[in-house]
Amino acid sequence: METLIGNLAHGFGVAISFTNLGAALLGALIGTAIGVLPGIGPVATISLLLPITFGMSATTAIIMLAGIFYGAQYGGSTTAILLNLPGEVSSVVTTLEGYKMARNGRAGAALTTAALGSFFAGTVATVLVAASGPLLTQVALSFGPADYFSLMLLGLIIASVLAQGSIVKAIGMVVVGVALGLVGTDVQTGQQRFTFGIPELSDGIGFVPVAMGMFGIAEIVLNLERPEARSVLSTKVGSLYLTREEFKRSIAPVLRGTVVGSVLGILPGGGASLAAFGSYMMERKLSRYRHQFGNGAIEGVAGPESANNAAAQTSFIPLLTLGIPSNAVMALMVGALIIQGIQPGPRMVEAQPDLFWGLIASMWVGNLMLLVINLPMIGMWVSLLKVPYKYMYPSILVFCSIGVYSLNNNVFDVYMTILFSVFGYLCNKLRMEAAPLLIGFVLGPMMEEHLRRAMLLSRGDAMVFLQRPISATLLGIGAAALLAMALPSLRKGKNAAMAE
Amino acid sequence: MKINQRDIASGVFFIVLAAIGLWLNTEHTMGSARRMGPGYMPWLVFWLQIALGVGVVLVGTASGPEKMDRWKADEIGTFIGGIVAGFAAWWLLHSLGGYFAIGYNSLGCGILVGFLVLSIAPGWRFLGMIMVSMAIFALLLEQFGFFAALIGLIVASCLPEREHTSKPLGVLLCTLFLLALCWFVFIYELDIRVNLWPTG
C-alpha cells in the first residue's frame, strides 16, 4: 500500500510538470474535438499525430496520445447524444438512450450524466490500473498461448452475443472480420495471403479505411437517403443540471457501469465498446425503469458512458502489463512506444517507472481537465454541431478523405475506404452489424498467432484448450454466454409463432 | 413460409465470400495441426463462415416474413451498367498510359465511371455521388494538389443534395470555409506531406 502511494506520488510529480500538463491538455482538447466531430475518431487522429510525437520524450508522447483516446470518449458521447451519430464504436450504445433523451428535451441532463459518470469511472479505473498493474504483471507470466487464444475467443463471443439482432449473423460478421484480418503477410512464413499482388495490402487491410468506411461514410449516405431521420438536430441542449430524480437514478448505473467497464476493459478485444454494450444490456435487465428503455432512460446513458470510460482506462492494463494491445488505439500506442525505443511488456513497470506511473497519474489529471472542458464549455462544442447536415456531410467527407490519405500518404487507402463504404452500406441494408466485424478484424491476426503457437506447443493436440484451467474456464464462460442468449431468442421465436 | 429475405441474402453473402476465400486459399500450404502453414487458419475461418452462412439461411426460412426493398428497373440497369462501365474504363484507361498509368489512377477512374453510371438512377443518387466525390479527391490529390482535390470532393458531394443545387452560393461559401479550415488543420497545424498546387 505504501509503495502504491509512493509510486503514485512519483507519478503525479511526473504528470504535473509543465510539459506533461500541456501534453495532457492538448490531448484532451484534440480528443474532445475529434470525439465531437463525427466521422473522425481517435484511431485516425492518433495515427495522424504519431509522427509529431517523435520529437517528444516517450512519457510526454504517450500522455498526449492517451489524452486523445479518453478525450474522445467524452467528446464521442456529445455527438452520440445530440446527433445520434456515434463519434466512436464505444458510444454507439449511448445513441440508443441519449439521443432519445435529447429528443425529449433532456440533452443537457444526458451530457451531464455522461460527463460526471465518466469522471467517476475514470477515477476509479485509474486507481485500479495503479493497483493491479504490478500484480497482473506477475499473473501475466502464467498465461500461455492457449489461454490468450481462449481469452480472445471469449471476447469475440461476447461481442457478438451483445450485438443487436440475430446472434448467428453477428458471429458471421465477426468471422468476416477475422477473414479480412487474414489479408497480408503471414507472420511466420512471410507468404503473401489474399493480397492479389497489391503491395499496399502486404501489411494487411488498414483498420482506418474499414472503420471510416463502414461507420463514417456509409452513415453519410444512409442519412442523406432518409431526409427525415437526419442526424443534425436543432435541439437545444437545455439545462445541464440534473433533477434530483435523474441524479438518484444515475447513481446505481454509474457504479455498475464502472465495475463492468473496469472488468471488460481489461479483456483484450473487450475494451470500451464491449463495456458500453455490456453495461447497456445489464441496465436493460436490472434497472427498475427498464420499461423506459428505448424512450430515453437516463440509466442507458449513465451506465454505458461510465463503462466505456472505465474501460478506456483499464484497457491500458493489458498494454502496460502484457504488452498486448486490447484495441486499435492501443496498437497505435505500441507503435509509438516502439518508435521511442521502449518494448512494451511486463518489464515496463520496473524499467520505465516515469512512463508507467506518470501515465497513470496523467489519466486522472486528464479526466479532471475533461470534466472542465466538457461541462462548462459544452456550448462551444455544441456550436460545432449546430451546422446543418447539408454543410456537415461535405466536411465529414473532407476530413475522412484527408485523414485516410495521410495515414500512409497513399490514395490507395481512399479507394479502400470507398470499397468499405459500399460494403457498410450493403451490410446496413441487410441488417448486418458492423461492430462485430471490426472487433473480429482487430483480434483475428493475434488469435491466429496464438492458435498456431498453442498448437505447436501441444504438438497438434487441440485438447490443450480444455486441459489448461485458465483456457477451459474462459471457453466455458463463452459457451455459457452463447447458450444463455440462444434460449430467450428461441423462446421469443416460439412466442411469435404461437401468436400467429 | 415466413421467409426473411434479408437473412437469406446475408447467409448467401457469407457463403459466397467464404467460397471465394477457400478457392483463393488453395494456393497456400496447409501444414499440419502441429505446424500450421499459412493456409490453415484461413481454411478454418472460411469453413466456419460457410457453416454460419448455412445457419443464417436456415434461420432465415423461419424468422420472417421480411422483404428486401424491391429494386426498380433503372436501379438494376445502372447497377449492372455501372459495374460493366467501371471495369471497362479501368481496363481501357490503363492501356492509355500517361496520367492513367500513375499509381492507382486508372483504378480510380474505373471507380469514378462506375459510380457515376450507378448514380443515374435516382435511388442510387447519394450512394453513387458520394463515392464519386471521394474518387475525384483521390484522383486529383497527388497530381493536381490539395486545393483542387478538395474543391472537386466538396462540389461533387453537394451535387446529389437538392438543397444545395437550388442554392449554389451556399456551396461556394461552404467550399471556401472548408478550404481554409483544412489548410489550417492539416497543412499549417498537422503538416501532412501533400502538394498544395498542381505539379507539372
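Quick reminder: no glycine exception, Cβ is built from N, Cα and C everywhere.
The model shown is predicted, which means the values in this text are computed figures rather than measured ones.
Look at TrEMBL and you will find B:9-102 tagged as domain 'DUF1468'.
Positions annotated as transmembrane segment by TrEMBL: B:7-24 (among others).
Packing against the transmembrane segment (B:44-64) from elsewhere in the chain are residues 1-8, 10-15, 17-19, 21-22, 25: each is 6 or more residues past its ends and has a CB under 8 Å from a CB in it. Residues annotated as transmembrane segment in TrEMBL: B:44-64 (among others).
According to TrEMBL, the transmembrane segment annotation covers B:76-93 (among others).
Taken from TrEMBL, the feature transmembrane segment covers B:99-118 (among others).
Residues annotated as transmembrane segment in TrEMBL: B:130-156 (among others).
The feature transmembrane segment is assigned by TrEMBL to B:168-188 (among others).
If you look at the transmembrane segment (B:99-118), the same-chain residues 6 or more away from its ends with a CB under 8 A from one of its CBs are 78-79, 81-83, 85-91, 93, 124, 127-129, 131-132, 135-136, 138-139, 142-143. Residues 42-43, 45-47, 49-50, 52-61, 63-64, 66, 68 of the same chain lie 6 or more positions beyond the ends of the transmembrane segment (B:7-24) yet place their CB under 8 Å from a CB of it.
Cβ atoms under 8 Å from those of the transmembrane segment (B:76-93) belong to residues 100, 105-107, 109-121, 124, 128 of the same chain, restricted to positions at least 6 beyond its ends.
For the domain 'DUF1468' (B:9-102), the number of residues in each DSSP class (helix H, G, I; strand E, B; coil) is 66 helix, 3 strand, 25 coil.
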